[in-house]
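Heads up: the structure comes next, in structure tokens.
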Amino acid sequence: MTIINHTLGFPRVGLRRELKKAQESYWAGNATREELLAVGRELRARHWEQQKQAGVDLLPVGDFAWYDHVLTTSLLLGNVPARHQNKDGSIDIDTLFRIGRGRAPTGEPAAAAEMTKWFNTNYHYMVPEFVKGQQFKLSWTQLLDEVDEALALGHKIKPVLLGPVTYLWLGKVKGEPFDRLTLLNTILPVYQQVLAELAKRGIDWVQIDEPALVLELPPAWLEAFQPAYDALQGQVKLLLTTYFEGVSDNLATIAALPVQGLHVDLVHGKDDVAELHNRLPADWLLSAGLINGRNVWRADLTEKYAQIKDLVGKRELWVASSCSLLHSPIDLSVETRLDAEVKSWFAFALQKCGELALLRDALNSGDTAAITEWSAPIQARRHSTRVHNAEVEKRLAAITAQDSQRASPYEVRAQAQRQRFNLPKWPTTTIGSFPQTTEIRGLRLDFKKGNLDASHYRTGIAEHIKQAIVEQERLGLDVLVHGEAERNDMVEYFGEHLDGFIFTQNGWVQSYGSRCVKPPVVIGDVSRPQAITVDWAKYAQSLTAKPVKGMLTGPVTILCWSFPREDVSRETIAKQIALALRDEVADLEAAGIGIIQIDEPALREGLPLKRSDWDAYLQWGVEAFRLNAAVAKDDTQIHTHMCYCEFNDIMDSIAALDADVITIETSRSDMELLESFEAFEYPNEIGPGVYDIHSPNVPSVEWIEALLKKAAQRIPVERLWVNPDCGLKTRGWPETRAALANMVQAARNLRQSA
């Protein structure tokens, strides 16, 4: 039995972020729809050919998306919320963009769908909305069209389809409550129709993604897989595909399904290969996810070979990426500025395709020379002085319980802070960033390229900070921010100023829609050589009598939004970052900054997928935050910000952070999230986001007032703040001014009516 390889998906955005640029040009009215579609076709053709040239045997088709693949599935099924529908009932690409962004070049603007994280990654999807009695029909043929494209190019392909049970699991009920699982029988005919169309095209294998199978599912959801796959069997071979964790807990259910193969993540899961082999039907294909699709590190192929070699000849075997390569940058070869030694430690998506080819060849031939040579730099890294810092390791070992405790309880601190700041009821603020204009980005780029000296750069940034302060004063905000003109990204900026991180030139990965991020890479022990944010915070504070927040990104978020080391635990990395940022808090405080925000939007997304593993993670995640913050004096107010969160199942840990103020993203969920804080009787102050910054739509004063009144039904007014959902970096100034003016007016109206 010859072993072949495949990938579960490939990055969509293009090496130079061509997709992002085409999308934004189309949205701005500077490109036609056909020009946008042409960019998509060109990228798909390029990426299939690149994977093929790198040695991939079976290419994924259907992994491309114009916004996100869950939203693509919603359109496939005809699941379009009423507010986003075209008047004639048709579905087009603007329908998709209205769901994702709230507006598109055609059609009426409407509130965008809710967005949340894809499992425990930094990728996002638009949450499907379900209503009672909903009907589904095949309405969007993107998958079939792309299969036709790939077949016309002569490729050997494997269509990729998000499975029906996971799709329903990822959605939310709107309107009258009901069990969304009851919709399963309604969507299965559409899946049957799609599989029949694929069979007509001569497709042999379909990758049907059911990552919900790695979760500890409620019994009814686990039981739903059997009737679902009974209905889908027979037309093509189905590769049931899981990732991000192991499947051993649900293996009995999986092994009974009428599918022909199973893909397992052998990087992030703890599944034993021998147990998988023994418990799966003998005629099933096993796809072994051996190459990590979520990082940038070169794989130790000798280790991967040893992990799987005993199955060679015993069953049909494929080798694969652990998950879609969507989560990895595209091509290491264009990184011309990386130090040669460090570069030898990495592999991006195309290099991971090459690793799959090397591993396939070694398993088929038994010759391990090539994989041994490939793995040599990994051995060298384990002993590199770039990786280990004795001082950091010594400080980490000396941490005591007292280091993560504030000097006084919240009640005492709150009184000291009220005396210091004397803020009104319904105090208004923003989350941190202001619009990153073309001028600001150009300034940073010129400085980075050496076209601008440090003095002129600092003068330019200072002017933008001054403008941000003036704008906020004019709007009447109560607590100001400096606007973060000097920051390209909330994680990248800190990584650039901390030892132990390195950066790529083109290591972009998709976050959602057209938004891409370039995560730093943690290559060694983390420390802070000098103050990072103090000078700009101090300058901003000198421009106003109102308090200006110091702005830090928290240790767990920096960890979650970076590519972490694989040779130490995530806990170790988080606590190293926390110690570095603890020093920053002390320096900000010494510089006269009285309010310091430590953003932890990623705290919840870092949760292990299996609930049984949550407690250990939350314990060290909370400890890292407290270690970062606890150095602050009583009258220094510590804020934190979180987004895309469902808090009800981690409220103990949210409270344990002991932040004086937490700001959260609530507008898309219509303040639903506050129910968790009310039920828990959350003791500290809360700023529920009152408008969605991911949409360019400007909320009315009445809309914001209504949301704040809802909030006041759940949280005492004296503990409520007024703020947007998130930072305003991606918005333009006109809509930002208009939205904030309405927000401030809403707060004033409520003060007057109290």
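The backbone N, Cα and C atoms fix where each Cβ goes, glycine too.
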From GLU473, GLU484, GLU486, GLU646, the one annotated by Swiss-Prot with ILE431, GLY432, SER433, ASP599 for L-homocysteine | GLU484
Out of GLU665, GLU675, GLU702, which does Swiss-Prot tie to the same Zn(2+) site as HIS641, CYS643, CYS726?
-> GLU665
Which of GLU176, GLU463, GLU605, GLU623 does Swiss-Prot put in the same 5-methyltetrahydropteroyltri-L-glutamate site as ARG17, GLU18, LEU19, LYS20, LYS117, ARG515, CYS516, TRP561?
-> GLU605
What is the number of other Cβ atoms found within 10 Å of the Cβ of CYS516 (5-methyltetrahydropteroyltri-L-glutamate binding site)?
-> 19
Near L-homocysteine: residues not in ILE431, GLY432, SER433, GLU484, ASP599 with Cβ within 8 Å of the site Cβ centroid are THR430, VAL481, MET490, MET551, GLN597, HIS641, CYS726, GLY727, LYS729
Taking only the Cα atoms, work out how far SER433 (L-methionine binding site) lies from HIS694 (active site, proton donor), in Å, as a whole number.
-> 13
Tell me, in order along the sequence, which binding-site residues from ILE431, ASP599, GLU605 have their CA within 10 Å of HIS641 (Zn(2+) binding site).
-> ILE431, ASP599
Under 8 Å Cβ-Cβ from CYS726 (Zn(2+) binding site), six or more apart in the same chain: what's there?
-> ILE431, PRO601, HIS641, CYS643, GLU665, GLY689, ILE693, HIS694
How big is the Cα-to-Cα gap, in Å, between ASP599 (L-methionine binding site) and LYS117 (5-methyltetrahydropteroyltri-L-glutamate binding site)?
-> 17
Give the three-state DSSP assignment (helix, strand or coil) for GLU665 (Zn(2+) binding site).
-> coil
Determine, to the nearest whole angstrom, how far the Cα atom of GLY432 (L-methionine binding site) is from the Cα atom of CYS516 (5-methyltetrahydropteroyltri-L-glutamate binding site).
-> 19
Does DSSP put HIS694 (active site, proton donor) in a helix, in a strand, or in coil?
-> coil
Per DSSP, to which secondary structure element type does ILE431 (L-methionine binding site) belong, with helix, strand and coil as the options?
-> coil
